[in-house]
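**Q** Please read through the structure below; I'll follow up with questions.
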Amino acid sequence: MAGRFISLEGGEGVGKSTQIKRLAEALRARGHEVVETREPGGSPGAEAIRKLLLEGEAERWTAETETLLFAAARADHVARTIRPALARGAWVLTDRFLDSSLAYQGGAGGVGEAAIRQLHAIGSGGLLPDRTLLLRLPAESAAARASTRDGGAGDRIGGRDASYHARVAAAFEALAAQEPERFRPVDASGPAGDVTERILAALADLL
Ligand SMILES: Nc1ncnc2c1ncn2[C@@H]1O[C@H](COP(=O)(O)OP(=O)(O)O)[C@@H](O)[C@H]1O
Ligand SMILES: Cc1cn([C@H]2C[C@H](O)[C@@H](COP(=O)(O)OP(=O)(O)O)O2)c(=O)[nH]c1=O
């Protein structure tokens, strides 16, 4: 049986990595094989590209170069980790995927959506998740959670200004409205267990 491919999206600090772990536990308890992964990264080659993307000066790369590096990392992640796991019948849960490129490099960075989708077609055969959970949290709460976690030391992209992150959030909302079948918005506020229940409800038709 082919597996299921689920992505979690949203800004920094909304709780994506926390929820991936909780969702993986819930799915394993139902007897599924689960692969937890993340972007940029998720395969040895893509983790090497991750360092190039997240370390160094904010202006290290142009928006276009950054887009190509994310697409290259994603191509390796898809070929080496995601497709083999899906072929075995596993559930693949990824912390970010294509929609992060569309929101950050596209909506906020100004690179065209069609170009990003074309790179995805070339690099990753256009693979899309079966479901994308968009975790929604007010910007102040997300920033407070992220700064508790990182002590205020953001990476190259997380450290960009509030207007950049506001454009990211608006772009995610627009993507969710464009593809209501694939996307499910999830209220990410309140205790982690409540958020996991909302996520399981948003996957009920796939379970
Ligand atoms: N529901 C929640 N309530 C309070 N704090 C949370 C909740 N979910 C996650 N956190 C904490 O907020 C911080 C950011 O969460 P994380 O899962 O790393 O977010 P993301 O992966 O989206 O950046 C972490 O310190 C985490 O422990
Ligand atoms: C996958 C992806 C991530 N990013 C950004 C979003 C984050 O700022 C950063 C990944 O950092 P990471 O620390 O993994 O994410 P988070 O802060 O959500 O826990 O890379 C893009 O700009 N484009 C992409 O395609």
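Positions of Cβ are set from backbone N, Cα and C atoms, glycine also.
Annotations per TrEMBL:
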- 8-199: domain 'Thymidylate kinase-like' (DOMAIN)
- G10, G11, E12, G13, V14, G15, K16, S17: ATP binding site (BINDING)
**Q** List the other residues in this chain whose Cβ sits within 8 Å of the Cβ centroid of the ATP site residues G10, G11, E12, G13, V14, G15, K16, S17, in sequence order.
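**A** Those within range, site residues removed, are L135, L137, A142, R145, A146, A188.
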**Q** Cβ under 6 Å from an atom of ligand 2: which of these binding-site residues qualify? The list is G11, E12, V14.
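**A** Those binding-site residues that pass the cut-off, since their Cβ is under 6 Å from ligand 2, are E12.
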**Q** Find the average pLDDT over the domain 'Thymidylate kinase-like' (8-199) in the predicted model and report it.
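**A** Across the domain 'Thymidylate kinase-like' (8-199), the average pLDDT comes out at 95.
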**Q** Using a 10 Å radius around its CB, how many other CB atoms surround K16 (ATP binding site)?
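**A** Cβ-Cβ neighbours of K16 (ATP binding site) within 10 Å number 21.
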**Q** If you count the other Cβ atoms within 10 Å of each Cβ, which of the binding-site residues G10, G11, G13, G15 comes out on top?
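**A** Per the Cβ count within 10 Å, the most buried is G10.
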**Q** Ranked by the number of other Cβ atoms within 10 Å of their own Cβ, which of the binding-site residues E12, S17 ranks first?
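**A** Highest number of other Cβ atoms within 10 Å: E12.
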